[in-house]
C-alpha cells in the first residue's frame with residue numbers, strides 16, 4: 001500500500017507529514033537545500049518510520065541525490081503538485097523541533113467496514129517486545145451498532161479529514177513515473193471516496209409533478225370523463241330509440257337484418273350487435289344525433305350571448321341616427337370592449353353618421369332584417385308572431401297539450417338530459 005509524504009521547504013528545516021505518525025520538522029540541517037522542493041509524493045518503496053531519526057534519515061540520505069527536473073532516482077508513483085511552489089517564509093528563530101505521535105482511533109463509517117487506504121493500523125504489542133502482561137479479565141467487545149456510536153467518533157473522523165485535506169490540492173497531475181525497484185499501487189483515495197455517505201435504498205420519492213394531490217386530481221378527472229362518456233352514450237341510445245319510435249307508432253318491430261354467416265338472435269333495431277347488417281345504420285343515426293345535439297348547444301350559446309348583448313352587430317337599418325364630428329368618431333364597434341357600442345360611417349362632408357347598437361338581441365335583429373331584405377313574404381308573419389306573443393295563455397295551453405301527448409315518450413329520454421339542463425340554467429343565470 002502506498003504512503004504519502006508532504007515535503008515543504010524553508011531555509012532552515014524540512015517539514016514532512018506522514019500518515020501513521022504525524023508532522024515533523026527535521027533536526028538535521030540539509031547540506032544541499034535546493035534538493036528539497038515542495039510537493040506531495042506517493043511512494044511504495046519506503047516503510048513507515050517509527051521515530052524522527054528514521055524520518056530524518058529518509059529525507060536527508062534517500063532524497064538528496066534526486067534530479068528534480070527529470071525525477072530520476074526518486075521512488076515515486078505519482079506526484080501531486082502544491083498550489084504554490086514558492087518557498088514558505090522563514091520560521092521563527094525560537095521554533096523547536098517537534099515530535100509527536102497520532103494514535104488514531106477506530107474509524108467507523110456506516111457501510112464501510114474496511115480500513116481506509118493511507119492509514120496504517122496500530123501495531124499490537126507482543127510479549128517479546130514489552131514483556132508478558134496479565135491477561136485482561138474481559139476482551140474488548142466488538143461494536144455491533146456503529147450507528148449508535150457515531151457521535152463518539154467525531155474527533156477521530158475530524159482528524160482524519162483534516163489530514164487528508166492537507167494531502168489534496170486544487171490541481172492534480174496524473175503522471176505516473178515508474179520505478180524499477182518499486183511496485184506501482186493505486187493512489188490513496190480522497191476524502192470524498194473514504195467518507196462518502198452510504199447509499200440508501202427505499203421507496204422512490206414522488207416528484208413535484210406527481211404529488212399526492214395531483215394524483216388525486218388526475219384520478220378524479222378520469223372518473224368524471226368516464227361518467228360523462230357513459231352519459232353521452234346513454235343519451236345517444238335514448239334519442240335513437242325515440243327517433244325510431246316516431247316512425248313506428250304501433251311499436252318498434254324486431255330487426256330483420258340478419259347476417260347469413262353469423263346468425264344473431266332477435267333484437268331491436270336500436271341495439272344491433274356488430275354481426276348484424278343494421279349495425280352500421282344504427283351508428284350512422286347516432287352520429288347524426290350527436291351533430292344535432294352539438295348544433296343545439298351552439299344555438300343555445302349564441303342566443304345566450306345575444307341576449308346579454310355580448311355580440312355587437314351593426315343593424316342594417318338603424319332607427320336613430322346622430323351626426324358628430326369625425327374627430328370624435330374614431331372608435332368602431334369592433335375596437336370597443338365595453339358598452340355602449342356604436343356604428344359610425346364617415347361621409348365626405350367631414351361629419352360622421354353614428355347609430356347605437358342594441359343592448360340586447362343585436363344578432364337576432366340583424367338576422368331578421370337580413371331575412372326580410374331577401375324574403376319579403378316574411379312580413380306577413382309579423383302580425384301572427386305579435387299575436388302569438390300577446391296571447392300567452394293560449395301558448396301555455398298548447399305547450400301543456402304537447403307535453404301531455406308526448407309525455408310518456410319524453411319521460412324515458414329526459415333523465416339523461418337533466419344534468420345538461422341544470423348546466424344551461426346555471427350558465428343562463430350567472431352570465
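Placement of Cβ uses the backbone N, Cα and C atoms for every residue, glycine included.
Comparing 32, 351 with the features listed in Swiss-Prot, the residue bearing the annotation N-linked glycosylation site is 351. Feature transmembrane segment, per Swiss-Prot, maps to range 215-235 of the set 194-214, 215-235, 236-256. Your range for transmembrane segment, going by Swiss-Prot and the list 266-286, 287-307, 308-328, is 287-307. Taken residue by residue, the topological domain 'Intravirion' (401-406) breaks down under DSSP into 6 helix, 0 strand, 0 coil.
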